[in-house]
Amino acid sequence: MLVVAISMIATPLMVKAGAALAGRLGTAPAHADAEPSADLKRHVVIVGYDEVGQLMDLMLERANIPHVAVGRNITVVQIARRAGREVYFGDLNSTSTQAAARLGKAAAVFVTSHDSEVAKALALTLHRLYPQLDVYVRVRVRAIADQEALVAKGIKHAGTGYIESTLACGEMLLKDLGVSEADVGELVTTLRRDDYALIRAAYAEGARA
């Protein structure tokens, strides 16, 4: 199943950690600098570790869902790994990186990029190569009219900001993985509390690492 989440261009709330967090999924070397555990199965693979990928990482961690993230911005990956995050440098267009991420054993993949065309192309490729996976992709639109047009064409979810659209897509992903509606609702409420205080704190902690 291919699920598309859309959000408008918005200024990220996260701390930049001295590096642009918009690392594209199209130009870095195709190898990973380390590999996730060979025992991984029924996990979620986050592709892209921008502000959206980091929020999805936080949601999955809070829900106790096994997951790994793969990013193409080496500076961001290094910062995240120093903070103890399960993030690896690599390119999911590469079959070797796909194998390292254990996509054949995964339950779902979540793709995010500041380049919507790159994200959509990769999501469609992974959907074709791994039909057993639920593939979620988050892309951006620039105006309300664009959102309405996409919804009219059958897009399943459209949001107006990266946090809310990611939370909404994360809700769907967690429910699809069997997390109860009550638990998902409690998690999202917690993440929204006090103007996203927990999300802000998590991003700030990663920036200090």
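Note that Cβ sites are derived from N, Cα and C of the backbone, with glycine treated the same way.
What TrEMBL says about a protein is an automatic prediction, not a curated fact.
Listed features, source TrEMBL:
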type	residues	note
SIGNAL	1-22	signal peptide
DOMAIN	44-154	domain 'RCK N-terminal'
Counts by DSSP class (helix H/G/I, strand E/B, coil) across the domain 'RCK N-terminal' (44-154): 53 helix, 25 strand, 33 coil
Local confidence of the domain 'RCK N-terminal' (44-154) - pLDDT mean: 86
